[in-house]
Amino acid sequence: MAARFRLCVALLAVMAALTFLPGLAGVGPIDRDEPRYTQASKQMVERGDYVDIRLQEQPRYKKPIGIYWLQALFVEVSGYGADAPLWVYRLVSVLSAALAVAGTCWAARAFLGPQAALVAGGLLAVTIIVGFEARIAKTDAALLATIVLAQAALARLWLMEARPRFFGLPFVFWLAVSASILVKGPIVLLVTGGTIAALLFVGPERRAFLTRLTPLRGLAMTVLLVAPWFVAIWLASDGAFYQEAILNDFLGKAATGQEGHWAPPLAHMFVSVGTAWPLMALLLISLPSLWVLRREKLVVFCAAWVLPAWIVFEAVPTKLPHYTLPLVPALALAVSAVLVEWRRELGPRWLRILAAVELAAIPVLLMLASVGLPLVLGDPISWVGVILSIAGAALGVRAALLLAADRSRLTMIGSVAAASVLLGVAAWGNVLPKLQSVWLSGRVAAAAKAAADCPDPTLITVGNHEPSLVFLAGTETRLEHHGGAIHAISQVACPVLAVDESHVDEVLADADAAGIVLERRGSERGVNIGNGRSLNMVIYTTKQR
């Protein structure tokens, strides 16, 4: 049975990875965070410096080194080197998300039977926010994988009655914690530390599990694993990394709503209705049973996993939807326990109808978006995407009807999972790649290369400073204001200008004053997804008077 379960978990992880592949190559870099990570990783490979983190010439001291090492490793192994396409960087997130799915099954198996454990992993795989982060080359999928593994090992150590003979489970726990610190700093301490504190508070009689964690040995192991880079970056940056990462980024977000991402308390809860679909709809219908069974070990552990960190995330002024991602696996465990393992009644009819409305509404809205977005942006409609979206919406409505009637739960779960997969393939594999106006940076970089009279031009942009331009056009790309563009021309061998039409007159006047003749070679119109502004980037090359 154990071998068969492990095989099923492996197959589920592979299937999850396959569902994350659509859009991996077809969707351009998503400004602004993704190309900042990929460009910094690219420069590590170009420079051969695997300690310092740079975005062009500026230090990139917001997160630790882990994700950059992983992306650089995949770039090196791919054989492309520094010219690796974006999908190579994104593979780190795909595999991390698949590992998180397997880890969720492993965590659930500590409390539940094989069927419910597989359902928990499957529900995580089809949750919208997981599918999004699995396709984006950032830290969050890797963070999710490390925290899930740490929490799964912690659950087993908490449930044990005696200290383990071997260092296996504590080793997994501390290794996952160490990796998580290298990926995203102290977030794992908030989630896992909050879980441990809550377990001690609600069950002081089980404090012996702390000794099973072998904290002295584990902390020593963590220090050995993470300290070398933290010391190296201290020396390389003369302490600037800690000033930026801790005081400005981490504590700054805790004190104020940074970068326009302020939101009031409870914002995470309301936003998760969409981002954590279908889990939030299924959690809503499971809440009465979870309250009745609140003393069950699984419910206690999931509450300890979710509540302390969620309260902190709601209290912090800066909020982004992915902040609560490390807590989503606990919701999957709780839902699968109620729906599959315990098969509890799903509460009053009004609650079932409310949950069913949410279960149906998100797929229907996504179906409408598959037509509406191209029409609004003036891009071609992907009819394959529309057909897949209609099928996904139909399955979502079917699942909602089954939920409202509390019939055929496994069929309902299968229907909503299939709906999520179809909607993901429709959106990422068909609709989004055809939204050409959104992927402006790729078209500007291609137009600049086509217009140049040399094989290796340097792009100089005015009015569009998105990091995706740097990643796609090359590290030497110059992001200038109109006053600096003409000066930049004299500093590079083969310049190509891309100027937003709102700055064209100033740039042409500066060029004329400097005795430089600019020849218009075309233009690319689109939307800057970093700020939503419409742009018309005019391409110029220089020519002799």
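Glycine too: its Cβ is placed from the backbone N, Cα and C atoms.
Keep in mind that TrEMBL annotations are predicted by a computer and have not been checked by a curator.
Now, the feature entries from TrEMBL:
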type     : residues : note
DOMAIN   : 62-230   : domain 'Glycosyltransferase RgtA/B/C/D-like'
SIGNAL   : 1-25     : signal peptide
TRANSMEM : 89-109   : transmembrane segment
TRANSMEM : 115-134  : transmembrane segment
TRANSMEM : 141-159  : transmembrane segment
TRANSMEM : 171-202  : transmembrane segment
TRANSMEM : 214-236  : transmembrane segment
TRANSMEM : 266-286  : transmembrane segment
TRANSMEM : 298-317  : transmembrane segment
TRANSMEM : 323-342  : transmembrane segment
TRANSMEM : 354-377  : transmembrane segment
TRANSMEM : 383-403  : transmembrane segment
TRANSMEM : 410-429  : transmembrane segment
Check the transmembrane segment (298-317) against each of 89-109, 214-236, 266-286, 323-342 and return whichever range has the most CB pairs under 8 Å.
323-342
I'm a bit unsure how to read this: which one of 115-134, 214-236, 323-342, 383-403 has the highest number of Cβ pairs shorter than 8 Å with the transmembrane segment (266-286)?
323-342
For the transmembrane segment (410-429), sequence-distant contacts whose Cβ falls under 8 Å of one of its Cβ atoms, 6 or more beyond its ends:
19-20, 22-24, 26-27, 119, 122-123, 125-128, 131, 135, 277-278, 282, 339-340, 359, 363, 366-367, 370, 382, 384-386, 388-389, 391-396, 398-399, 402-403
Looking only at the domain 'Glycosyltransferase RgtA/B/C/D-like' (62-230), what is the mean pLDDT?
94
Any contact between the transmembrane segment (115-134) and the transmembrane segment (214-236), i.e. 3 or more CB pairs below 8 Å with pairs at least 6 residues apart?
no
Counting Cβ pairs under 8 Å that sit 6 or more residues apart, are there three or more between the transmembrane segment (141-159) and the transmembrane segment (383-403)?
no
